[in-house]
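Below is one structure, written out as structure tokens; the observations come after it.
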Amino acid sequence: MCDVDLKTCQKSSKFKKKDIVELGKQCGVNPYLSNGKEKSRTVICTEIVASYNPPPGSSQGDDSEHESISQVNNIPNRNEKFLPKSKYPTYTQVLNMEKRQLKALAKKLGLEYKKQTEQQLQGAINLKIKTLEGLNSSTRSRSPSVRSRCRSPSPRAPSVRSRLPSTRSRCRSPSPRAPSTRSRSPSVRSRCRSPSPRAPSVRSRSPSRQSVRQSSESADEAEQVALETMKTAHLRMLATTLGASTVTGMKKKDLIDYIKSRRKSPSPSPVPPSTRCDPTTTAPPMEDLFKKKVDELKTMAKNAGFVRWNGKTLSKMNKSDLVDFLLNGMNRPSPSLPQSRSRTRSPPPPPRSRSPSVGSPSVRDGGAGRRRLPELTRAQLTAMKVVDLKAMATELGLTRYRGMNRTQMRKGDVINFIIETQKKQKTPSPSPTPPSPVPSVVGSRRPKSPLPYKSRDFVALADDDSEPGVEVQKKMGKSGEREPKSVPNVRIIPSEIPAPTEGSLRSRLSTQQQTQQSVVYEDPNESIKPEESVRAPKLSVVDPQLSRKTLKPLPSLVVTDQPSKQPELPKYKGRTPYTDLEQLAQSKGYTVKQVSGDGNCLFRSVCKSIRALRGEKFTHRQLRQMVVDYLRENPEFLQVYLEYVARQRDNSLPSTEQYLSEMSKCGTWGDLICLKTLSEILKVQFNLLILNTKQFQMVSSQDDYPDVIPLGYIDNYHYTSLVPIGLDSKGGAASSTTTGLKQLDGPRPPITLIPESQVPAVAATISTQQPPSIVAPPISVGGSQLVPSIVPQPQMPKPDFKPVKPLSNLNELLDLMDRVKPQVYNDISQLEKARQSIKVSLGL
């Protein structure tokens, strides 16, 4: 029955699927897969025919290990996860395959082949084949049968066919006269070879020892392939978990060798018997463990008999610790790093406390009473959890750091504390010396970075000029937190700051204003700050060769989608911004009205300018609330600017409600959106005098608004109020210093339209019974010419205009209009009064 033809077995209608399965069982072929499902009809028939109908002249039979790759790829798709043992390609054949062949083979083996490189496919396929071969070898090793093969080269040596229920022998003779006899057994297959026809020798192999050796070799090769396919970052993490102190400079090959050495030579530290598992249990590959979730790893650890590992319970184990336990803690003791070699006796170890699992057991520091932990890089500390970092910082003696306690510190603050503490432990402590007084900055010492215009850190300089040095004091709030930032950090080069002169604006400042501390950005670089005033530091000669390049100020306005976050500020290269702006404004015909830099400078400056030019009174809180209310009622007005900011910065669209909630807070910086909104609400145009470009820039929602409000703008961080020269805070007209107009010493003379000598006599009829009436004199008309009876002769002086250079751009024209507009408005009002007087005198 088993000598059936392949074509007959596959296509004969008398054989159904269940008949083929029964036939396979009778012929010694396993018709089931490893997962319990039945093999396909074609595969069962192929195994039956290949086992019992070998082709004539074949010397290797069905166990040939040199099958072509095309035969491997031609396996039917109905049974993709099954490959006969003899169809596995070798390691060299897999390396020589093309990528499409590797994908087809990976698909048949049930592996992931999409978006995989050629090297990843080769490693995964070799690992899968080694695993399948190890399973097949372990299955065969558990069988108590002996497989031997007998061959009789002599044509006269007859081979006897015997049917035994438990043994299976196969003899082949190349002679056509020697009938082949087969012994059939569903579980045992033996082959014997006899070099002589009369003395057949049976060579038996011990499958148990061979299978154990083969499984161990396949496990080592599978581990090597898995380590080669892993990323370098994962290898470094695994090496750190296994006890490596420094993995920064190690290459991938060195990492693999270290991991394999740790796997082969575990630490001899004792392990509780409850954590030991069955020695026959093999740990899963490292790559598969890292792909699993933490919950799955915890379940595997529970099944493996987990109690404690490296002093941690299961709830405190992270992913790397779980992988370390599953790789090393199931069959062997817990690995630990070797302690630092020292000739002196180490004190007894302190009681175990919650500490990170990275690094070796800590050693107590000399007389400091703290435990010295191994030095870790910033990358290793970043990979740790915040709880472990805080535990390590507590062991290093953390009480307070930069005004923050342990609960207020974030992950970055804890990492900075650990790194600074490690540096202090690394450097030897110097001998105690008496404290020296803090000297002042003298000589030719150059500061390492440009001076900040205003800074959170102010400097108290001593009077001793022996040695250069500074003493920095932190300005903290009542609760220990840093105060909010309101004024940006504008750096000033000290070599360009002149000493204050008598009569200047700087010398007129009060002592309280000069010594007032300001709250701004904290400069991370080391710098030298002014002594008494943020505007006039007293510094001596500096070295120009040590000057640093500074950033240019931004000439344009800043639009921000997060008002609470101050923009990055440029470095100011001028002398003092307020003095320079005052000089620039005076050259343009304006007076600077300073406002406080508390974050409300935009709204305060608009209040002052509106009050001076139009007489309307507002507070900065009212203007801020008006802006927020208008944007809430008109969200489309705000959405356009937020979309523009999102496109320019290539980030997600900010929330309108988030912007409004931040802008409604007092002290939040105003931006271009607020200026546009105020222009729409107040129906005015804002003319910004920018200190950096020394030019005016018009900002308005519409160009047809008649009123223009000038403002001063200092390098993207501060607004001031500008008032035309001659106007006080109440909006009244005063003496004018407009360029191009002659200034009058006294008050403007009254306009006289009709001289007193030529005033005509007007006869009025006035009685008590009738209302008074004004009768104009008759006008004599002679010929075609009309002679007026009243000849006005005004006595206004002619204005003396100086020669004006031709205008070059629109900004100069707007500047000229701003200077002439107050004078013209005054003249127009006087002309209107004269017109009314003429009408009254003529009786109209």
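Positions of Cβ are set from backbone N, Cα and C atoms, glycine also.
The active site annotation in Swiss-Prot covers D598, H718 and rests on similarity to another entry. Summarising the annotation, Swiss-Prot assigns active site, nucleophile to C601. The compositional bias 'Low complexity' annotation in Swiss-Prot covers 137-216, 332-341, 354-364, 504-518. Feature annotation from Swiss-Prot assigns compositional bias 'Pro residues' to 429-438. What Swiss-Prot lists as compositional bias 'Basic and acidic residues' is 472-485, 526-535. The region 'Disordered' feature in Swiss-Prot is assigned to 136-223, 261-287, 326-377, 422-541.
Geometry remark: the residue listed as 'active site, nucleophile' versus H718 (active site), CA distance 6 Å. Distance noted between the C-alpha atoms of H718 (active site) and D598 (active site) is 10 Å.
When the active-site residues D598, C601 are compared by the number of other CB atoms within 10 angstroms of each CB, D598 has the fewest.
When Cβ atoms from all protein chains are considered, those within 10 Å of H718 (active site) total 23, not counting its own.
DSSP assigns C601 (active site, nucleophile) to a helix.
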